[in-house]
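Peer 1: Sharing the feature lines straight out of TrEMBL:
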- B:34-149: domain 'Response regulatory' (DOMAIN)
- B:Asp85: 4-aspartylphosphate (MOD_RES)
- B:157-210: region 'Disordered' (REGION)
- B:167-176: compositional bias 'Basic and acidic residues' (COMPBIAS)
- B:212-269: domain 'HTH myb-type' (DOMAIN)
Amino acid sequence: MELVQIQRSLVDYTKSLFMEGFLDAQFLQLQQLQDDSNPDFVFEVVSLFFEDSEKLLNELIIALDQPNVDFKKIDSHVHQLKGSSSSIGAQRVKNACIAFRNYCDVQNIEGCLTCLQQVKQECYLVKNKFETLFRLEQQIMASGGSVPTIELGF
Amino acid sequence: MNVSSVKGSMSISSSTSTWKAGDTISDQFPAGLRVLVVDDDPTCLMILEKMLTACLYKVTKCNRAETALSKLRENKNGYDIVLSDVHMPDMDGFKLLEHIGLEMDLPVIMMSADDGKQVVMKGVTHGACDYLIKPVRIEALKNIWQHVVRKRKNEWKEFEQSGSVEEGDRQPKQSDDADYSSSANEGNWKGSKRRKDEEEETDERDDTSTLKKPRVVWSVELHQQFVAAVNQLGIDKAVPKKILELMNVPGLTRENVASHLQKYRLYLRRLSGVSQHQSNLSTIISAQDPTFGSLSSLSGLDLQTLAATGQLPAQSLARLQAAGLGRATAKSGIPITLVDQRNIFSFENPKLRFGEGQQQHMTNKQQVNLLHGIPTTMEAKQLVSLRHAAQSVGNMNMQVPPPGPQSSQNNPLLMQMGQQQQQQQSRGQILVDSTINHAPRLSSMGQPILSNGMATNVSSRNGIPENIRAPGYSQTPSMLNFPMNHASELPGNCFPLGSTPGVSNLTSKGAFQEDVNSEIKGSGGFMPSYDVFNDLNQHKPQSWELQNVGIAFDSSQHSNSLQGNLDLTQSALGQQGFSSGQMNGHNRSAAVASKAVFSTGDVKELRSAQNVNQHLNNLLVDNTIRVKSERVCDTSPANIFPDHFGQDDLMSALLKQQESVASSENEFDFDGYSMNNIPV
C-alpha cells in the first residue's frame with residue numbers, strides 16, 4: 001500500500017473514531033504533546049491506561065462480588081477510571097463510568113454489574129481501535145513517512 | 001487588571017530583600033516554575049508531567065501523597081507550586097492541601113474528575129488556589145504560575161507592611177477608612193483603592209525603608225511573645241512601650257511594636273465576626289490556653305487568629321467567637337496542637353492586621369458594612385442593634401440566612417488572615433453551614449457574622465479573590481470574585497456576590513446589591529445553567545446510543561470549544577480581574593452552556609460556543625441545514641488549538657462545509673471534523 005494511502009487511511013480512521021465517540025478532543029491534546037523528543041508519548045500513555053484500567057476493572061469485579069458490597073470503594077475505583085479515561089480522551093469509557101457511578105450512588109448492585117460490563121466492553125472496544133491506529137502509524141513510520149496530524153475539520 | 005498590578009509588585013518585590021528565601025522570579029518566568037504534581041493515577045500523572053514540561057515548568061511527580069510531603073519537607077524552598085489530585089488512596093487530597101498550607105505555605109491546585117459542587121467547594125474552603133477538572137488541558141496548566149505570583153505578591157506586601165513603621169501606622173487607618181466606606185471595599189479586605197495607594201506608597205517607601213532600617217519580621221515566636229505581652233497587659237491597656245518592655249526583645253523598637261499592635265487590633269476586630277460556629281470557640285479557647293497564658297482575655301482575638309490561619313475548624317472558631325464575645329470560656333478539648341498554633345502565627349506578615357476583639361472594637365460602620373452584604377432581611381436597624389447586642393442571638397439569627405455569601409466572604413478573610421491555604425475546615429464548615437442555614441448555628445453566629453462582613457470589607461483583595469475563585473469553579477469564582485474585584489461598586493457588601501455556588505444565593509443576591517446585580521447576574525446566570533449543562537452532559541451518553549454518533553462527538557467537541565470560547569463569554573459577561581485560565585473544562589462549558597441554553601437568538605448571531613448547547617439539542621433531533629450553518633461556531637474549536645490547527649484552515653474548512661451543506665453527508669450532519677473528505 002502506498003504511503004499516502006496509509007496516511008489517508010489513518011486520518012480517516014482517526015476521524016471515524018472521533019465521530020463515533022470513541023475519542024474526544026482530549027486525545028488531540030495528547031497528540032499535541034507528542035513531539036520528536038517523545039515520539040511514542042501517545043502510545044506510552046495509552047498503554048499505561050490499559051494496564052491501569054485492567055487492574056481497576058479486576059478490582060471492581062472482585063468488589064462487586066463481595067457479599068457486602070463496599071460501594072465507596074467501588075465509587076473510588078470508578079472515579080479513577082473515569083479520570084484516566086477522560087485524560088486520554090476515551091470518551092465512551094468515560095461516559096460508561098459516569099453511568100456506573102450513578103448506580104453506585106444509589107447502591108444498585110444490578111445496575112452496577114451491568115455498568116461494569118459496559119465499561120469493560122467499552123475499554124475492550126477502544127483498545128482495539130487504538131491498536132489499529134498504532135498499527136497504521138507504525139506502517140507509516142516504517143515506510144519512512146510521518147504520521148499526519150489530525151486537524152479539526154478539513 | 002490584576003496582571004499589571006501583579007507585574008508592578010513583582011518588580012518591586014525583586015528589588016526588596018524580603019522575598020521569600022530561595023524564591024526569585026527569573027526573567028524567564030514562568031518558565032522554570034518548579035511544580036510538584038501528585039496523582040495516584042499513573043496515566044494522569046504521566047500526561048500531567050508531559051503537559052507541564054511542555055509549559056516549560058520544572059516538574060517533579062509523585063504518585064503518593066506521603067512521598068510528596070516528604071519531598072516538600074526535605075526541600076521546603078524547592079517548589080513553587082503543587083498540583084494534587086483529590087482522590088488518593090493513601091491520603092485525601094484535601095488533607096495534603098492542609099499540610100502543605102500549614103507547613104510550607106505553597107499555592108496548591110487541586111484536580112479531580114469530580115466536578116461536583118461540594119468537592120469544588122471543599123477545595124475552596126480548604127484553601128486551594130485553584131481547582132482543575134479532569135481531563136486537564138494544557139491551557140489550564142499554562143496559567144498556574146499566576147497563583148505563585150499572586151501569593152508572593154501578597155506575602156511581600158505584608159512583609160513590607162509589617163516592617164515599615166510609617167506604612168504600618170497608616171495602613172490600619174486606611175483599612176479602617178476603607179471599611180467604613182462600605183461600598184468602596186466590597187470583598188476586599190484592603191479595598192482596591194487603598195491597595196493601589198498602598199502599592200504606590202509601598203513602592204516608594206520600600207526602597208527607602210529597606211535602606212534605612214532592617215525590616216522586622218514578625219515570626220511566630222515573636223508574635224507569640226507579643227500576644228503574650230498584650231494579654232498580660234490587657235488589650236485595652238496594651239501600649240507599645242509596655243509591650244516592648246514585656247517582650248524584651250533586643251533590636252525591637254517601640255515603633256515596630258506600635259505598628260504591629262495596630263495591625264493586630266484590626267485583625268482581631270475582623271476576626272470577631274469571622275467565626276460562625278460557636279461550638280468550636282470553646283474548643284479553641286481551651287486549646288489556646290495551654291499556649292498562651294491569659295488567653296481568656298483575648299480569647300476571641302487569638303482564637304480568631306488561630307481560626308483565621310485555618311488551623312482551627314470553623315466550629316472551633318465559632319467557639320472562640322463565643323468566648324471572645326464574653327461567654328464563658330468553655331473549654332473543650334480542641335485538637336489544636338501547639339505546632340498548629342505556632343503555625344498560625346507563622347505569618348511573618350501582618351496577617352494579624354485584623355481588628356481586635358469583637359465587642360470592644362466593633363464599629364458601627366464595620367458592622368453595617370457587614371450586614372449590608374448579608375441577606376436582604378437585614379436592615380440597618382437590625383444591624384445596629386445587632387452590633388450592640390453582642391449576645392443577642394436572636395437578632396443574629398436573622399443575619400444568618402445567607403450564610404453562603406458570608407461564609408465565602410469570611411473565608412477569604414480568614415484565609416487572608418492566616419495562611420491562605422489554611423482556611424480549610426472553617427471555611428468549609430461555614431459555607432456548608434451557611435448554606436444549610438442550620439438553626440443552631442445561627443444563634444452562635446451572631447457577632448461573627450457581623451464581623452465577617454466587616455472582615456470581608458477589610459479583607460485584602462489579594463487573598464479573597466484568589467482563594468475564592470481558586471477552585472477553578474466557574475460559577476463560584478465568578479460570583480465570588482465579582483464582589484471582590486468590584487468592591488467599589490458594591491454598596492458596602494461583598495457577601496451576596498461572593499456567594500457560594502448555591503442557587504439559593506441568587507435570590508439573596510438579587511435582593512440587595514443592585515449595583516452588582518449586573519455582574520452577579522452574569523455569574524448568577526451560571527448557577528442554574530450549570531445544572532442544566534450537567535443534565536445535558538448526562539443525557540449525552542444516552543443520546544449517543546440513540547442518535548447520531550457524530551452529533552455526540554460534536555457535542556463533546558463543542559464542550560471543548562465552549563471552553564475555548566469561555567473567554568469570549570466571560571468578557572461578554574463583563575467579568576473582570578480574572579484570567580479565563582481560572583475556569584476549567586466542564587466549568588467553562590457549564591458557564592457557556594448556560595448561556596447557550598438560555599439563549600434563543602438566531603444561530604448565526606451567536607458566534608461563540610454559546611449556541612453549542614442549543615445545537616446539541618437541535619442536532620439530536622434535527623439534521624437540517626440549519627444545524628450545519630451553525631457550524632460556523634465550530635470555528636471556535638480552532639481557538640482552542642491555535643498552535644496546532646490553523647485557524648484559517650479551520651475557518652475555510654468550516655465555511656466550505658457550510659457552503660457544501662447541501663452536498664454533505666446526511667447521516668452525520670455535523671461534526672467537529674469535516675465530513676467532506678471521508679469516503680463513505
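Quick reminder: no glycine exception, Cβ is built from N, Cα and C everywhere.
No curator has checked TrEMBL annotations; they are predicted automatically.
I'm curious about the neighbourhood of these features; can you describe it?
Peer 2: Model confidence over the domain 'Response regulatory' (B:34-149) stands at 89, taken as the mean pLDDT rounded to a whole number.
Classification of B:Asp85 (4-aspartylphosphate) by DSSP places it within a strand.
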Peer 1: So how many of the residues in the domain 'Response regulatory' (B:34-149) end up helix, strand or coil by DSSP?
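Peer 2: Output for the domain 'Response regulatory' (B:34-149) reads 54 helix, 24 strand, 38 coil.
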Peer 1: Non-local Cβ contacts of B:Asp85 (4-aspartylphosphate) (under 8 Å, 6 or more apart, same chain)?
Peer 2: B:Val38, B:Asp39, B:Asp40, B:Asp41, B:Cys44, B:Gly93, B:Met110, B:Met111, B:Ser112
